[in-house]
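Single-structure report; data block below.
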Ligand SMILES: Nc1ncnc2c1ncn2[C@@H]1O[C@H](COP(=O)(O)OP(=O)(O)O)[C@@H](O)[C@H]1O
Ligand SMILES: N[C@@H](CC(=O)OP(=O)(O)O)C(=O)O
């Protein structure tokens, strides 16, 4: 059987939901349907998740929420009315939206998580009603009843392993189960969400839990392309890629599939098929444990992400100083800050962070405490930091990829701040300035994909 996830773009309107319904009806194997909140209907539109964030903020700051509540209700009303769903089924959805501020929350972080999660929760209830009305044997399944228990981090939860045994009890369901993506519950029964885009993670968790033959992830592109299609016109489509390739690429900016969603897929060895709701006949991209070694190109994909920042430290004879790294890492640990990479030279060290973790106050505290602990000659944070990643299993067996990439970047006048080749040899990472990121991706694409 298959687990099938529809992203916000596939559920943005009643017209889109009609396509979703046809896709589910077309294959009896499609038993577990994971849904996101309604997404953007057109460029410049607002996702329901972002409307709910606005609603939560206004609630926290005791501002007037009338307009945003109406906008959210209108999104669900358009979908419901498009399928003639009875008012008796729509009214509880509208009332839940209105009553979100009146529920008890431990603090504002849980309030925010619960507001956000209702984008998916109410959409799954609505989609289940539409499916049932269309004659499918379908019903809503809440993550709590599915047995999904997550860590107590309201906006960045991780699944707890014992959940998989609970989910396994839902294998071989004779009904179509419509499950909201993006959130689950901590051990105290409070709602916690995954990070943004996290409905992909729910789909992968359910796929592993019920041991699905395939996890189909429906979105709005015909395939995963070698580069973000907003940067290059008609880029090469990737037919097959490995889990490791996709994990590196999604980490570095391929927003089409969440990097954390690869972990349950790898653990359960579930092949993922990214497909287009608007062209379900197109084969899409397969992500699996191994792929044919032969490929037209030495590189599978090129990605960049600007969501990083770095802390640079310089001190002469740093390489001889025992405990230098430990002292810094202890300070980071005390502040609950994780780091992404830490390339070093003989006299200097760069620590790269996910910049969402840092605030100006925290940066000030870290700078002061690290200065007091290790007395660097120079220390500063920079936010003008992007990571550029060249990824491909075939790179391992080829000589000269690094020199071709560096030459292409140099010819485009792109300054390299950092270079790092992972031990697995399937990726090369460059640190570059944000302003160079798009041009760098295009330069590498032209070098490796233009014949
Ligand atoms: N390499 C890539 N290949 C395909 N799409 C990509 C790539 N990198 C970024 N994207 C973007 O990802 C989008 C799909 O992801 P997302 O917006 O999260 O969809 P959904 O609403 O289905 O979850 C595409 O429309 C495209 O703009
Ligand atoms: N709706 C959530 C979760 C999600 O996965 O959405 P989408 O499938 O539209 O990327 C978000 O916007 O983050």
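Keep in mind that glycine also has a Cβ here, set from the backbone N, Cα and C atoms.
Copied over from TrEMBL, here are the features:
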- 219, 220, 225: ATP binding site (BINDING)
- 390-451: domain 'ACT' (DOMAIN)
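Apart from 219, 220, 225, the residues listed for ATP, the same chain places the Cβ atoms of 221, 222, 223, 224, 229, 256, 274, 276 within 8 Å of the centroid of those Cβ atoms. Mean model confidence for the domain 'ACT' (390-451) is a pLDDT of 92. Here the binding-site residues are 219, 220, 225; the one with the fewest Cβ atoms within 10 Å of its Cβ is 220. According to DSSP, the domain 'ACT' (390-451) comprises 32 helix, 12 strand, 18 coil.
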